[in-house]
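The domain 'CopC' annotation in TrEMBL covers B:43-138. Annotated transmembrane segment per TrEMBL: B:173-200, B:212-237, B:257-276, B:285-303, B:323-344, B:365-384, B:396-422, B:462-480, in sequence order. Taken from TrEMBL, the feature domain 'Copper resistance protein D' covers B:358-480. Residues annotated as region 'Disordered' in TrEMBL: B:433-452, B:618-646. The compositional bias 'Polar residues' annotation in TrEMBL covers B:440-452. Residues or ranges marked as compositional bias 'Basic and acidic residues' by TrEMBL: B:618-643.
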Amino acid sequence: MDASIARRRFVQVVAGSSTIALAGCVGGDDDADDGTGDDPNGDGDDPNGDESSGEGSEGFIYAFAPNTIAIIDPADGEIVDEIADGLDDEGWGDPRITADYGEIYVTRESPSQVLVIDTERREIVDEVDIGPDPTHMYHPNDDEMWAHSDGEGTFYVIDTDSHDVTEIVESGLENEGHGKLLYHEDLGSTGYATNVNDPGVPVIDLENYERSEFIEFADVDDQGTHYKAYSPETELAYFEFGDETVVVDSESYEIVDRLDFAGGMYLSPDEAVLGVLDGNSIRFLDATSEESEEHGVVDVDEGPDALRYHEAEDGTLYAFTAHTQTDQASIIDVEDLEIVETVDIGDIERPEDAHHLHRSGVAGGGYFITPADADGIVAIVDMEAQEVVDHVEVEEGVDTVQFVGDSGGGYSGTLR
Amino acid sequence: MGSKRSASSAGSPSRKSLLPILLVALVVMALAIGLVATPVAAHAYLSDSDPGNGEQVDDVPEEVTLYFSGDGVVNADVVVEGPDGDPVSSEPEIDDEDSQIVRVPIDDADAEEGMYTVDWEVLAEDGHTTAGSFFFAVGDEPLDRAAVLEAYEDGGEGEEDESIPPFEAAAKALLLVGVAGLIGIPAVATAAVGPVFARADASHRERIGGRIGTLLAGASGLAALGAIALGLARATALGPLSAETIVQFAETPLGQAWLVQVALAVGVTGLVAALVRGHLPRRGSLVGTFLGALAVAGTIAWTSHSATAIDRLNGTIVDFVHIIGAGLWVGGLAVLAFVVVPTVRNAHPDDRPVLLANVIRRFSILALVGVTFVVATGFVLASWHVPTASGLTDTFYGLVLAAKLLLVAAALALGGLTRYVLLGRLESDATKETLDGSRPASTDGGSDGPSRQLTVSRIARAVRLEVTLLVVVLVLSGVLTSAPTAAVAGTGTDGDAPIEATIEYEYDDVLVEVTAFPAANESIDDSFELRTDEPIVFEVGFLENGSTVESEQPVRLLASGGDGTEIEVELEETDDGTYATVQPLPDAGEWELRVTGAPDGSYVSEWIDATALPAAEHAEHDDGPNHDHGEEEHDHDRDHEPADETSPFQTLLEFGAVATVIVGSLAVAVEGLHRRSKND
């Protein structure tokens, strides 16, 4: 442990009367950002063009490996810095960058904590104790990070100024289970949680830090909810529930549809297309359609994951997906519903006892960035040129990446 | 004046041959002390077990093995109770090759998971009973806090009965007094009194013989009575006194030693009876009595703390020499007090100072040898049984030993007064009165100046007081040999009272108390010192204005080991509003403990440093994970219980032993030379 990090003793007292800035209401971030990173700052500057103000990390990639966090300049394909102090065979969960890109929060499996990294100083500045088995983390407003404790089925709300846990929000009905949070600026102070143990969706009051309601999908006890997405155009929320996708009207909380496929869901930057990972296929739905009409299906056959979009200069929408079964990524023309290119992105570990394989990937700075833990590299793909520009050697086990800038990540497709 | 001449010149050949023998004996003793000065315990104390105390095992073991330190075990009563409280074990078996190992087969456990309690009671080779209990768990389920606390409150591994059995102590005291007399009386009678009175009047010799016979009869009676009573007292450890219990006891190694002891004591009594009645030659009877007494002393030493705990040979030798020394000193004094002084009072006045002085001078050499023996071996025994200075004041054994030492010091002072002041004065008075011719005629026709008479009376009183003090010392020795030694009493591995360590933190209005029980030590600098593989009850309490506050979130304990081991458990709320769990720390080394909770909605997270001491530091029985108790290993352990290193106090005592032998040897040599020059 880094002795300079004051993690040993802290207490957070609930400030029950604190007002929470609603998601998207304060930061002024462009929810419609497509996440491709063409202009992450929105000011027209090249993200890598100016490093004059201190060390900084703008436009860089933080790659999380067991014993190091490598800071990669994707333009040069080089590691510009490393953070290794206090890291020892870590298991990483979600990283999440603040709206101002000043800090990256990343969940650490053991001890169950959230590490706070100052992107300007490129160092870990705090370790925040949270509940057991944290995986996902969300940033529904500028002032808070919500880290989900799968061991408790709760969200630990971390103040981004003080780095204190200010609230613990009970989400899952059974006080445990892997969970996620769906939020969007259009949803106001309402969020929807998923939990693999719950046969429905807990509605979370983001302002009052409580589970206000539960939308039940079925009277069963052997299925739960997992992936989620939201279409602001139709105000429909999509939830993976067993082998189907349940579509819920976010206004009335009524179930309006049940789609007979399910998987990870990724909204395009223009919020018009919703890609659903359905086994070895990717289904592209019309996110503007009340009926969730399907544009078509693309068979990838090699375990597509980590779907990210890029709108080319000619206006064509491409989807980039990293394979879990091969060392490649496919580039899909969404309009033509065909794979137009495959690129070598390195290989991942495939443990025999793994229930399912996962491969992360983000978009940012015009790059599709995905780690390959078996090869210990981070692959950087130029999304416009549709070619690999570098395989940056980091460390075996590197499995998580975060772009400093607008990565357009998250299952909803929003910035946060 | 024939008697005077005879008194002053008698016994020279004997004297010349005796001194070198005694000096050689003392040198051998000094060497022996250097070889055997090793710390030991006494009684049988549980030092380890398999499964260990609090150990969690996957399946019900086929047997439970108990490893004892200190004395070996001659009888074991061990019962293993299953989770439902019913016995699941069959008869325990003492290892044929190592009596410190007891195995208890488990034959009816039905593979039931839960907590198993082992209640044990053993009779050690030194004749003392110890008892205790411990527990282990089968299965993965966390141990029940209440059950664990109850187990610790019941004494954990050690619930040894450290009380002194009064009947046994009294019997042992009788035996020691009797044996001391049987050793010292014949020795002094033969080596000191006999030669001096060899040419005395027949009536004197007859009177002396009668008095010695009476003394020997008393001593042999005490020895026989003490021996019989001691065995009966020890037999009660196996059950209420009955013929069956005695037979059962007689079948144990300790009981067999007892039978030999009783036989020898009764035999010596018979020999003394024959001597008194004149059926046997006097000199031969005295030699036979002396040898018989040595044999009885040998049986005492054979079953002593030292012999059974340290090493059969070394312990027996040291204890044996200790008894011989005491016998020479005390028995000899008894002869002086109850045989010589009354006889001298009836002698011709002119012969009185010479007879008395000659006997004292001869006795002094034997007494110096005896004192050297008893003090030197006493230092060795103290170094074994009272390894620390605090043991001298903090334990019953130490206090009794201290009292004994004070009495011995007083007796030594009286002996020194007799030998170096009163004896000198007696001889000086005699010389002066002879030279100035001023001595008045005594009523019986001789000359008995008032000064010499006074000195004789003072010598008689000093000797009687000295022998009285030493008899009290022997009685205290009986108590000592029946008590747990300071090396183990109250401070032994299993006698430790569980320590509760608490760390407090204040958060605004909330006081967070984190408690670990048992801990190796009190909390230091907000850190815990715990022991590995021991079920530790961690308890967290949130207090506000003295009242417990409920946590709105689960209270969790995360234990993070230096090697990457992570254990996270949720604490259960107890009836008193605190939160607790039972969690062993599996590996030795540094740990970080994190306690989280949300009293009144306030999220609290606290990191606490903890050091897990290896279990071996607790049990003093480093057997490794497989509990592989090889013969060699166990012997090693036997020699080093309970302390592995010699304490400064022990070193001091060992130094005292060697110094005593050296000083004693010099004193014996000087005394011998002085006597020779006197005679020349």
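Placement of Cβ uses the backbone N, Cα and C atoms for every residue, glycine included.
Only sequence-distant pairs (6 or more apart) were considered; of these, at least three Cβ pairs between the transmembrane segment (B:212-237) and the transmembrane segment (B:323-344) are under 8 A, so the stretches are in contact. The DSSP breakdown of the domain 'Copper resistance protein D' (B:358-480) into helical (H, G, I), extended (E, B) and coil residues amounts to 105 helix, 2 strand, 16 coil. Within the chain carrying the transmembrane segment (B:173-200), a Cβ under 8 angstroms from the stretch's Cβ atoms is held by residues 2-3, 6-7, 10-11, 14, 18, 208, 212, 215-216, 218-227, 229-230, 265, 268, 272, 283, 286-287, 289-290, 292-294, 296-297, 300, 323-324, 326-336, 339-340, 343, 347, 351, 355, 358-359, 362-363, 366, 370, 471, 474-479, 481, all 6 or more beyond its ends.
As a summary of secondary structure, the domain 'CopC' (B:43-138) carries 0 helix, 57 strand, 39 coil according to DSSP.
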